[in-house]
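For reference, the structure discussed in these notes is given below.
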Amino acid sequence: MKEFAPPPPRADGRVNLVGLSRDDLEAEVARAGLERFRARQLWHWIYHRGATDFAVMSTLAKGVRETLANLYVIDRPTAVKDLKSEDGTRKWLARMPDGQEIETVHIPEEDRGTLCVSSQVGCTLTCRFCHTGTQRLVRNLDATEIVGQVMLARDHLDEWPAPPDGRMLSNIVMMGMGEPLFNYANVAKALKIVMDGEGIAISKRRITLSTSGVVPMMKQCGAELGVNLAVSLHAVNDELRDRIVPLNRKYPIKELMQACRDYPGLSNARRITFEYVMLKGVNDSLADARELVRLLRGVPAKINLIPFNYWPGAPFECSTDEQITKFADFVNNAGYASPVRTPRGRDILAACGQLKSESTKPTAQARIAALEAHKALQAEYAAQVAEKEAGLAATGTL
Ligand code: SAH
Ligand code: SF4
């Protein structure tokens with residue numbers, strides 16, 4: 001895997017103001033020889049009004065606007081593709097100045113509109129069911145590029161300034177490409193800008209960060225940002241999770257669950273969402289459901305069952321509707337809300353786990369190897385399930 005450095009400065013030497021913290025913006029304003037209060041005016045124009053050109057900033061004198069335009073730009077990534085699903089989901093392929101590309105997805109619902117934001121180009125992790133995990137090129141996005149995705153979406157949704165109620169873009173999930181807690185500093189900087197009440201103003205209650213389980217960063221995330229946490233669990237024993245979410249080898253389930261219990265600000269009103277992708281014959285038995293309920297005991301939790309979204313070459317199939325319903329019923333009866341996530345934007349490869357900006361076809365050899373590995377995994381799993389279910393039946397639990 002090749003790692004890339006963050007993008008180089010612009011050729012014309014001008015600095016992009018998007019993604020600077022308030023302190024950094026004040027420092028830039030001082031560098032330009034302007035009064036400190038100009039930073040606040042700029043903040044309003046950039047993040048409340050969505051200005052991309054200093055010329056429209058009518059509260060600034062002409063000379064000030066010219067000084068700013070000589071030194072700075074207000075840029076977003078370029079939307080090189082704008083795809084619309086038949087269900088209204090929209091996906092933008094966003095190109096950064098160094099040519100790297102990421103995807104950002106908008107999911108409109110009746111009472112809200114959610115933007116699924118990427119934190120990295122590709123992902124250094126290799127969860128077996130995730131398309132992003134097969135992408136070769138990886139680099140962290142900087143705060144400019146993370147905030148830039150929100151601004152790009154607002155541009156396309158024509159929401160500057162956004163109405164306080166009934167916004168098309170009301171919620172954010174850090175569930176796009178990449179592992180946000182492997183790029184925490186940039187994600188934190190970006191989310192603080194997004195949450196700022198004098199700008200984009202999306203509250204922490206409307207932001208959810210999803211992690212595959214980067215245990216050492218979870219506490220800081222909760223304490224510093226206070227956003228909702230989603231944890232990609234997907235398996236209830238280390239043996240399987242080691243294989244399908246390889247980060248588990250570093251931070252096994254027991255440590256992960258302890259970090260969840262320690263997540264700051266948890267209560268019954270503010271629960272952790274456990275994501276669980278439904279993989280046919282791999283993790284979808286009732287014995288798994290039962291173990292899931294046992295694992296979550298004592299953690300304020302919701303369970304989000306995600307039907308597996310297929311992508312070309314994927315080594316899994318989605319569980320049957322019947323099995324998903326059985327699984328969901330079991331978990332519901334145990335007292336956990338466990339909605340099944342309706343896949344959105346599958347026709348434009350915009351659903352969970354389908355994002356991948358670089359189109360490479362798996363070789364025939366890689367496909368065969370993946371299929372063999374999958375078959376072996378399924379056979380082994382079937383044997384384990386039979387054994388567990390026989391045991392449970394004997395004790396009258398199932
Ligand atoms: N890297 C972070 C966030 C991005 S993925 C994480 O892993 O949590 C967002 C969610 O989609 C995760 O729960 C992820 O496991 C899930 N996902 C990945 N591939 C999927 C697929 N093909 N079908 C359904 N969900 C998938
Ligand atoms: Fe990375 Fe998340 Fe995909 Fe795993 S599921 S490969 S952590 S983006």
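Easy rule for this one: first residue shown is 1, then count along the chain.
Every residue gets a Cβ built from N, Cα and C, even glycine.
Taken from TrEMBL, the feature active site, proton acceptor covers Glu103. As annotated by TrEMBL, domain 'Radical SAM core' applies to 109-349. The [4Fe-4S] cluster binding site annotation in TrEMBL covers Cys123, Cys127, Cys130. Taken from TrEMBL, the feature S-adenosyl-L-methionine binding site covers Gly178, Glu179, Ser210, Ser232, Leu233, His234, Asn309. Summarising the annotation, TrEMBL assigns active site, S-methylcysteine intermediate to Cys352.
Overlay of TrEMBL feature records on the structure.
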residue: Glu103; record: active site, proton acceptor; DSSP class: strand
residue: Cys127; record: [4Fe-4S] cluster binding site; DSSP class: coil
residue: Gly178; record: S-adenosyl-L-methionine binding site; DSSP class: coil
residue: Ser210; record: S-adenosyl-L-methionine binding site; DSSP class: strand
residue: Leu233; record: S-adenosyl-L-methionine binding site; DSSP class: coil
residue: Asn309; record: S-adenosyl-L-methionine binding site; DSSP class: coil
residue: Cys352; record: active site, S-methylcysteine intermediate; DSSP class: coil
Distance-selected recorded positions near ligand 2 (C-beta under 6 Å), from Glu103, Cys127, Glu179, Leu233, His234, Cys352: Cys127, Glu179
Confidence summary (mean pLDDT) of the domain 'Radical SAM core' (109-349): 95
Shell of the [4Fe-4S] cluster site beyond Cys123, Cys127, Cys130, same chain only (C-beta within 8 angstroms of their C-beta centre): Leu125, Thr126, Phe129, His131, Thr132, Gly133, Glu179, Ser212, Gly353
Which same-chain residues, if any, lie at least 6 apart from Leu233 (S-adenosyl-L-methionine binding site) yet have Cβ under 8 Å of it: Gly213, Arg241, Ile253, Leu256, Phe274, Glu275, Tyr276, Leu292
Close-lying recorded positions around ligand 1 among Glu103, Ser210, Leu233, where CB distance stays under 6 Å: Ser210
Binding-site residues compared (Ser210, Ser232) - highest count of Cβ atoms within 10 Å: Ser232
Neighbouring C-beta atoms (10 Å sphere around the C-beta of Glu179 (S-adenosyl-L-methionine binding site)): 26
The residue listed as 'active site, S-methylcysteine intermediate' and Ser210 (S-adenosyl-L-methionine binding site), Cα-Cα, nearest whole angstrom: 12
Length of the line joining the Cα atoms of His234 (S-adenosyl-L-methionine binding site) and Cys127 ([4Fe-4S] cluster binding site), in Å: 10
Nearest-integer angstrom distance between the alpha carbons (Cα) of Cys130 ([4Fe-4S] cluster binding site) and Glu103 (active site, proton acceptor): 14
Binding residues Gly178, Glu179, Ser210, Ser232, Leu233, His234, Asn309 (S-adenosyl-L-methionine) - maximum C-alpha distance in whole Å: 19
Distant-in-sequence Cβ neighbours of the residue listed as 'active site, proton acceptor', under 8 Å, six or more positions away: Lys91, Trp92, Leu93, Ala94, Ser118, Gly176, Met177, Ala350, Leu355, Lys356, Ser357
Spatial neighbour of Gly178 (S-adenosyl-L-methionine binding site) that is closest, considering only the recorded positions Cys123, Cys127, Cys352 and their CA atoms: Cys123
For Glu179 (S-adenosyl-L-methionine binding site), the one of Cys123, Cys127, Cys352 that lies nearest, given that the recorded positions are compared by Cα: Cys123
Integer Cα-Cα distance in angstrom, Ser232 (S-adenosyl-L-methionine binding site) to Cys127 ([4Fe-4S] cluster binding site): 10
